[in-house]
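Please read the structure below before turning to the comments.
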Amino acid sequence: MGIEARERRQPWILLAPALTSVTLLLFVPLAFIVVYSFWLRTATGADQVGFYLDNWQEALGDPFYRDILFSTLRIAAITTVVCAVMGYPAAYFIARSRGNKAILLLMLMLPFWISYIIRTMSWINILGVSGALNWLLQTLGIINEPIQMLYNETTVILGLVHFLLPFMILNVYVALEGIDISLEDAACSLGSTRWQSFLEVTLPLSLPGLAAGGLLCFVLSAGTYITPLVLGGPRDAMFANLVFEAVITQLNWPLGSALSLMLLAILGGLVLIYNHFLGMGQLMKGLG
Amino acid sequence: MGWLLIRGWALLVYIFMFLPVAVVVMLSFNASQFGSFPMTGFSFHWFVELANNDAILRAFETSILLGSLTALVSTMLGVLASLALIRYRVPGSNLISTILIAPILVPEVVLAVALLLFLNALSLNKSFLLLLMGHVIFTMPFVILVVQARLVGIRRDYEEAAISLGAHPIQAFFQITLPLLAPAVFAGMLFAFTISFDDITGTLFWKPGGVETVPTQIFAMLRNSISPEINALGTVMIFLTVGLPLLGMAVARRMALQRGS
């Protein structure tokens, strides 16, 4: 075999284990649940193989599922906007700071590394009936009885923002770092105010980073079920909770398949739209 | 003026990020019986409780074993794939990259359901092996991203020089490329370990009954009531998950410096 043929084959040998794993552990299982979603789970717990539309009718038609889908999208959208509003100035501060950027970034990454479940539950210490805020308010004499601030949609959003904010800041920061600072100076020297040069030069150039961060925040918050279980009340279930309920609690796997695929279609669709307009490059920059 | 405002805002964001975590650490040393506010004194009581809690110790064992195996396998797969993508001109490399990154583009819940139901149909029930496969598949993309980013910086010339001086390609790989790669491999493994150690979304779907990882154990404990033991466990986790990557970064930097000198 010639050297060239070997050169050509080598990368495929290196890629084979990874590609095989992704195929067998992701793509084939996804194809399988597409098929599975048309089967029926009978009352006896056995699967009836066939082509039944029942699960899809239930997933798409039941107003219960539809309401939760809409509230999930609403929660994800609010979380994303809050992350952008909180994160953009912070990212701008780090990018334009004359201090030690590495330290500032590292400080931001520290909470990022701290376990998601710990960060989520940490809010119970602050907002719970015997938490810091209630204690403070009672000590100051503002309230007499502890008030229940936890277990509602607001605390779910709070937990999600706390979890996802570093993703947003990191992506915006990467975009801001890529902008030549002299562009802003040039705009200023040509007569625009600092604010104008920010609005007309910096902000538009950083939009890809904002979009990448926004996509991550939206997709990750719309797919969560842990945060609503820890910080939400019984009525704050999100769509992924329905999937968890169907698969783990009710053991109705065909229905769980259909619900999962619905979530995948919506969130995957968003990723595809994003990819079409902006490409994956920006997203990968922020992740790496 | 504007800059002052931005600075103040950034400060608030940092406080927002750190405050809840600081409260966890603070409460874990609280002497009070319920471990909630106010602080009544300083005590290691809850850490002693923690060390005597068999369920938590078992969860730690499971998490560390799972994380280590995940790191090993997914780094191996990831490094090989990254080498192929960076070192060779592969037709359709963009598509291949996207395919390899796909596990993190799919919502984790969906990945979890698909893998669980598919393997179940193959009569592979919930087990440690299923957990391992799941963790490998969603940590691998992160390993690939991290390793690729570092690999770009390693020139191929060194390897080629060794080969032209008579080294066998395999010899060149192990003696030249691999040592140069070591920081990237190390970073990838650490990253994979940390992600696996922290995961709960997929783990809750895949874990067999009775097996708990640290996050699922915390989750189970939360369902009862929040006890200071949880805060103590949180403090341990914080030091582990923050300490390990910091250590890793320090080691990687050290290795890079030594090589540079």
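Glycine is no exception: its Cβ is also placed from the backbone N, Cα and C atoms.
Residues annotated as transmembrane segment in TrEMBL: A:12-39, A:73-95, A:102-118, A:124-143, A:155-176, A:210-231, A:251-274. Annotated domain 'ABC transmembrane type-1' per TrEMBL: A:69-274, in sequence order.
Across A:12-39, A:102-118, A:124-143, A:155-176, stretch A:155-176 shows the highest tally of CB pairs under 8 A with the transmembrane segment (A:73-95). If you look at the transmembrane segment (A:251-274) against the transmembrane segment (A:12-39), you find at least three C-beta pairs under 8 angstroms, all six or more positions apart, and that counts as contact. Within the chain, the transmembrane segment (A:155-176) has long-range Cβ neighbours (under 8 A, six or more residues past its boundaries) at 75, 78-79, 82-84, 86-88, 90-92, 94-96, 105, 108-109, 111-112, 116, 119-120, 123, 127, 149, 202, 205-210, 212-214, 216-217, 220-221, 224, 227-228, 230-232, 236, 238, 282-283, 285-286.
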